[in-house]
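TrEMBL annotations:
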COILED    170-211  coiled coil
COMPBIAS  1-14  compositional bias 'Basic and acidic residues'
COMPBIAS  30-45  compositional bias 'Pro residues'
REGION    1-47  region 'Disordered'
Amino acid sequence: MLIGKVEEGREESHLKHKHQDRSRALKVTPQPPLSTSPIPSPPKAKPLLEDVSRQTEEILNAILPPREWAENGQLWVQQVSSNPCTRIDVVHLQEQLDLKLQQRQARETGICPVRRELYSQCFDELIRQVTINCAERGLLLLRVRDEIRMTISAYQTLYESSVAFGMRKALQAEEGKADMEKKIADLEVEKKELERQVNEQKAKCEGIEKRENERRQVDDKKHAEEIQFLKRTNQQLKVRLLLLSSQMNHLLALLVL
């Protein structure tokens, strides 16, 4: 335990009741003659305080079970103290809590197992102190403590499952990443091959266009020359036709004469 009073073994306590005599004025009355019979003893009070103390110890042992260990061949038992606490004990408890938090370097924020352990032990000590004064209140605080622990355990299980799920997803992502990287590399190779084919086809297309332009220029030049030749031939034929026509007219005129 972090902070808390423990004792080894149990010591029986003997309670002594002190009675104070109170005097008051009484009326004097004649006393009857004394009887020689024995005077009966007063009834003994039931040990209610011892029963309450024993019940409190049983509740404390149920809340905080005794520690047992073997040392040098002997079995040792350490039980929670049932001595009531004072205000000084509570102040000392707070000081010890702050000291332990500092010594064990517990984090002030976030999830910290050390801080949780120390505060859990401090809460157990508070339950012990409350149980000594009021067992019912201590049992109610015990239910609150168990409910808090159950809730924390549920959140811890949920956190662990979410972490495991995240790790599985991360591993799957890593495996998928390797496959995607391989696929990307293959696509890069295919892309380069397609770019090479595109460049090759572009070069072929440019070569074909160049050859076609050259052939078209040659054909245009040839056609232009043929047209010019035909035009000259046509002009020459026209001239010859006119010449022949004039000669025929001249011959016809001579024949008429």
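One is the number of the first residue shown, and numbering goes on along the chain from there.
Just so you know, glycine gets a Cβ as well, placed from its N, Cα and C.
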Report, as numbers and ranges, which residues of the same chain sit near the coiled coil (170-211): CB under 8 Å and 6 or more residues beyond its ends.
none
Can you tell me the mean pLDDT for the coiled coil (170-211)?
91
